[in-house]
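Student: Please see the structure below; I have some questions.
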Amino acid sequence: MAQAHIQGSPCPLLPPGRMSWPQGALLLLWLFSPPLRAGGGGVAVTSAAGGGSPPATSCPAACSCSNQASRVICTRRELAEVPASIPVNTRYLNLQENSIQVIRTDTFKHLRHLEILQLSKNLVRKIEVGAFNGLPSLNTLELFDNRLTTVPTQAFEYLSKLRELWLRNNPIESIPSYAFNRVPSLRRLDLGELKRLEYISEAAFEGLVNLRYLNLGMCNLKDIPNLTALVRLEELELSGNRLDLIRPGSFQGLTSLRKLWLMHAQVATIERNAFDDLKSLEELNLSHNNLMSLPHDLFTPLHRLERVHLNHNPWHCNCDVLWLSWWLKETVPSNTTCCARCHAPAGLKGRYIGELDQSHFTCYAPVIVEPPTDLNVTEGMAAELKCRTGTSMTSVNWLTPNGTLMTHGSYRVRISVLHDGTLNFTNVTVQDTGQYTCMVTNSAGNTTASATLNVSAVDPVAAGGPGGGGPGGGGGAGGAGGYTYFTTVTVETLETQPGEEAQQPRGTEKEPPGPTTDGAWGGGRPDAAAPASASTTAPAPRSSRPTEKAFTVPITDVTENALKDLDDVMKTTKIIIGCFVAITFMAAVMLVAFYKLRKQHQLHKHHGPTRTVEIINVEDELPAASAVSVAAAAAVAGGAGVGGDSHLALPALERDHLNHHHYVAAAFKAHYGGNPGGGCGAKGPGLNSIHEPLLFKSGSKENVQETQI
């Protein structure tokens with residue numbers, strides 16, 4: 001009986017009536033198996049009598065398989081290489097605890113359905129480029145507890161569905177820029193226990209926009225790396241490091257973070273506003289550190305914070321922790337003993353912080369060490385109003401002229417509160433003019449100090465000029481306004497602008513000055529300036545203005561003399577450029593003239609050597625036409641002068657310049673040769689005194705000149 005052969009595509013089969021039971025089983029297996037695709041690593045099913053590749057359910061000898069070979073476990077088999085006969089329908093492959101050292105290119109290329117690959121606890125020191133090619137379904141890749149010294153960035157190509165990557169406990173020394181940008185689909189990244197890690201690039205985590213969990217615990221970190229790119233991060237593990245200080249901005253951009261673990265991190269100080277960026281934080285673990293106190297209202301911006309672990313810290317219970325006791329009572333009223341115990345002073349040692357109240361301490365309101373001062377600036381400049389205290393355990397807020405309360409983290413377009421309490425203006429406008437109040441708060445109360453910010457409008461005429469000043473000076477600030485960015489100083493002068501009216505002398509009562517509007521700005525002082533009152537326990541100093549006017553200049557070296565020097569340089573440059581253009585023009589004219597003269601000289605030199613002169617003796621009565629048409633000279637017969645009516649025939653005119661002398665001599669001999677004695681002809685003596693006319697004819701083809709002598 002013929003047998004049915006099924007391999008990738010249907011072949012002619014026997015009629016159902018003649019088909020045996022094994023053949024029917026093979027047919028059903030083919031119908032319900034995945035179709036073969038070109039290059040896809042399909043399964044070839046053959047009957048017992050036919051040849052072909054191993055069946056799909058075959059399992060490597062060193063491994064154990066289950067669930068129809070979809071789970072292959074090859075742990076603790078001392079494998080030095082990845083087995084080559086892993087079934088193509090494998091979804092879970094465990095190769096842990098072997099001796100594999102190198103993962104070679106295309107090792108798993110045929111495992112298109114593989115979802116979980118475990119290679120941890122091997123001796124892997126090298127992963128070749130393309131080692132994970134052909135794994136479009138891979139979801140989890142475990143490489144922890146190996147010997148990798150670098151992040152195998154190139155090997156992660158084409159892992160479009162990778163969600164989890166485990167690199168924990170490898171001797172990795174550095175994490176370069178864009179180390180994981182080839183796997184933007186990552187949700188969990190474990191980089192814990194990298195005990196030889198020395199460097200993390202600022203752009204190491206760029207591209208991980210979908211990351212939810214990051215483990216950087218026990219990596220000997222001294223500073224928190226840049227995590228700004230992890231905009232969707234929800235859980236961050238930083239335990240087991242050496243983070244002595246937590247600074248403001250350490251968690252910038254982590255607005256989605258819900259859980260932060262900082263246990264056993266040797267944290268001794270947390271600065272004011274350090275957690276302000278963690279708007280979504282729900283759980284914070286600060287246990288087992290070296291914390292003695294926390295800044296006032298550190299947790300106030302964390303509106304979603306529900307669980308805080310503060311145990312096993314040497315808390316010093318004084319006025320600085322009193323706010324924490326109140327916060328714990330409000331946040332976790334049912335369990336105020338969950339979190340921390342006092343370590344000092346001795347009278348409160350062992351008491352829970354949540355049980356403390358104000359009766360245990362004698363507290364005082366904070367002191368402002370550096371209060372804000374009045375400031376005069378020009379529109380468009382930067383400005384700062386400082387308000388500093390002697391301790392970081394206080395909170396600093398600002399009240400603006402329109403009643404808005406500014407805190408650290410409550411950013412506006414141009415105004416923000418820095419972590420040290422400074423109110424920063426990046427670009428002031430006239431509308432910013434007014435009184436600003438600094439409020440410093442601790443558990444005992446608050447202290448306020450006020451200062452006035454005067455913003456002057458820019459005079460377009462003054463701003464457009466080099467110095468930006470009007471007559472009489474004092475306008476240098478206008479032109480230099482564009483060069484000032486951060487700090488300004490107030491400069492006073494007793495000089496009165498021409499045409500300005502003298503101001504009335506001030507009274508003994510100090511009042512803040514009005515906006516600076518002198519002649520340089522093209523405007524006068526307003527009739528009345530808004531008074532600035534200070535209701536503070538530590539009042540801010542007020543600057544008196546005994547002078548006629550005040551204006552601001554930048555602290556940079558942009559002065560009027562510097563601007564004049566710049567004008568001189570520009571003028572000198574223009575003069576040099578003009579001279580260069582004039583010299584170039586004169587040189588061009590001289591070159592053209594020289595060229596023309598040289599051309600004329602060459603033309604004259606060309607015609608000169610080609611000219612020759614022929615002297616022809618012609619008769620006075622000889623017509624011009626006859627003289628030209630004479631072809632040969634007539635011979636003189638007999639004696640000279642015989643036949644006086646006969647005419648003398650001229651010799652033929654030759655053009656040979658080389659025989660010129662010969663022809664002239666012949667003509668002379670023909671005329672005087674008939675009288676050997678040198679006498680005259682038959683005409684008589686009168687004929688001898690009359691010379692025959694001579695014709696000078698130039699040999700040049702261009703010019704012909706005739707002269708009678």
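First residue shown is number 1, and so on along the chain.
From the backbone N, Cα and C atoms, a Cβ is placed for every residue, glycine too.
Pulled the feature table from Swiss-Prot, pasting it below:
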DOMAIN    50-88  domain 'LRRNT'
REPEAT    113-134  repeat 'LRR 2'
REPEAT    137-158  repeat 'LRR 3'
REPEAT    232-253  repeat 'LRR 7'
REPEAT    256-277  repeat 'LRR 8'
DOMAIN    313-365  domain 'LRRCT'
DOMAIN    366-454  domain 'Ig-like C2-type'
DISULFID  C387-C438  disulfide bond
Student: Let me know the DSSP-derived helix, strand or coil state of C438 (disulfide bond), please.
Tutor: strand
Student: Given a Cβ distance threshold of under 8 angstroms, which distant residues of the chain, six or more beyond its ends, lie next to the repeat 'LRR 2' (113-134)?
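Tutor: Residues packing against the repeat 'LRR 2' (113-134) from afar: 70, 88-107, 140-149, 152, 154-159, 166.
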Student: Give the residue from the disulfide-bonded residues C387, C438 that has the most other Cβ atoms within 10 Å of its Cβ, counting over every protein chain displayed.
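Tutor: Answer by Cβ density within 10 Å: C438.
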Student: Would you identify the secondary structure of C387 (disulfide bond) according to DSSP, in three states?
Tutor: coil
Student: Tally the residues of the repeat 'LRR 3' (137-158) by DSSP class, grouping H, G and I as helix, E and B as strand, and everything else as coil.
Tutor: 4 helix, 3 strand, 15 coil
